[in-house]
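I have a structure here, written as structure tokens, and I will follow up with some questions on it.
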Amino acid sequence: MEKERLISILNFAIGFLYVILTITIFGLDIAVMSKTNYAGSIAMKSFDSFISYNGIYTAVIVMSIFNIVAVIFSVFILIVNKNYFYSLLSSTATLFFLGIPKEAITYKYMVCFNYTFYQVVQARACLTLILVILIGLFHLLIFIPDQTLSKNWYKLVKIVLLLVSILVLIGIAILNIFLLVKLNTSFKKDINPGTIKMGFFNQTEIDLIEQEKFVKDPNYSYRFVGTLYDILFSNNKRLAYSYCSRSNCRRYYLRFLKAEIICDAAAQSVYPDCSNNLKLIIQLKYLDSGAYPSYNCAVMSKNSTCFSSCPGLGDRKLFLVQEFDDKVELGWSGFSNCEVKTPRLLLTKEASWNICPINFSQKIKVPFLNYVFFCFLLLTMFL
């Protein structure tokens, strides 16, 4: 009786830790993947070209939820119903159908990227190794009791279940050991939309940046119109469309970012259009869908006439770059270990988009003519 009571206490304690650790690891997985998706931002579509890492993220969430429910069920039927056989069956099936596939795709995701928060990944891997030992002990404890199993094949199934669970646990342990070994702990670049800059470069300059030979000129800062964060989270927005289900509505906004470059002596060295004009207007727009922003350029002359074109830019286009330790790099450089290491960096110029501001005379011109025409019609009706 004392032995059975001790086993029951152990089962409860280990089962409780089993559930808590499973939930904790799920939380760490979501923290790592959500931060990675934020850091990758719009470039994640490029990284998804061969394998969908966004798809892996979604799959991990779904599988983890089912895994947690199944683990709670396995522990519940053991502690409440004292059903050792079905608890072992449920827990082993959970490991085989959810545990090892989830660990495999999580491993693929986590070794694909470099992080400044690698300590979270280390904690996740170490907790999983502890969980492996805990599950092994849990299965051993529910395997030992001599229940009244009238058929020999029940005992055979228990042995098979224990062996399968041991093999799966070894596989999970190996994946997490490899994760700890392959993790880059020297990565220091805090890459995110706030550190990705949008600036004008030509292809030759981009090639020099890629070769780490680019040298900043004194007016280097004039090349930039803002960071990626500025456009992705711009408050200058209007509703593009909404998608509604029975429970809620999701709204997608068209966001705008406007940069005005005053044509002083420094700006003239970067933008030839500044030589005889007052300022340049660069405007970007972005639809909340993960696609890349587009832009156009306009010139404001000294007599306040606006032309929606910047011919002086020549072959300079708007690229995404980053800067760490005073060194200019291509956007997301060093971030990916995946099949695609360099994402798309060029923003699309939308030449047909007229970004010239409408002056007062233009604003009143059409309404005033409509008003005059309306008065004329009214007058003819009464005459």
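Including glycine, each Cβ sits where the backbone N, Cα and C put it.
So TrEMBL lists the following for this protein:
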- 6-32: transmembrane segment (TRANSMEM)
- 53-78: transmembrane segment (TRANSMEM)
- 84-100: transmembrane segment (TRANSMEM)
- 121-144: transmembrane segment (TRANSMEM)
- 156-181: transmembrane segment (TRANSMEM)
Pairs 6 or more apart in sequence, C-beta under 8 angstroms, 3 or more of them: is that satisfied by the transmembrane segment (6-32) and the transmembrane segment (84-100)?
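Counting Cβ pairs under 8 Å, fewer than 3, so no.
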Cβ under 8 Å to the transmembrane segment (156-181), counting only same-chain residues 6 or more beyond its ends: which ones?
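Sequence-remote neighbours of the transmembrane segment (156-181) are 85, 88-89, 91-92, 95-96, 99-100, 103-104, 107, 110-111, 121-122, 125-126, 128-129, 132, 135-136, 139-140, 143.
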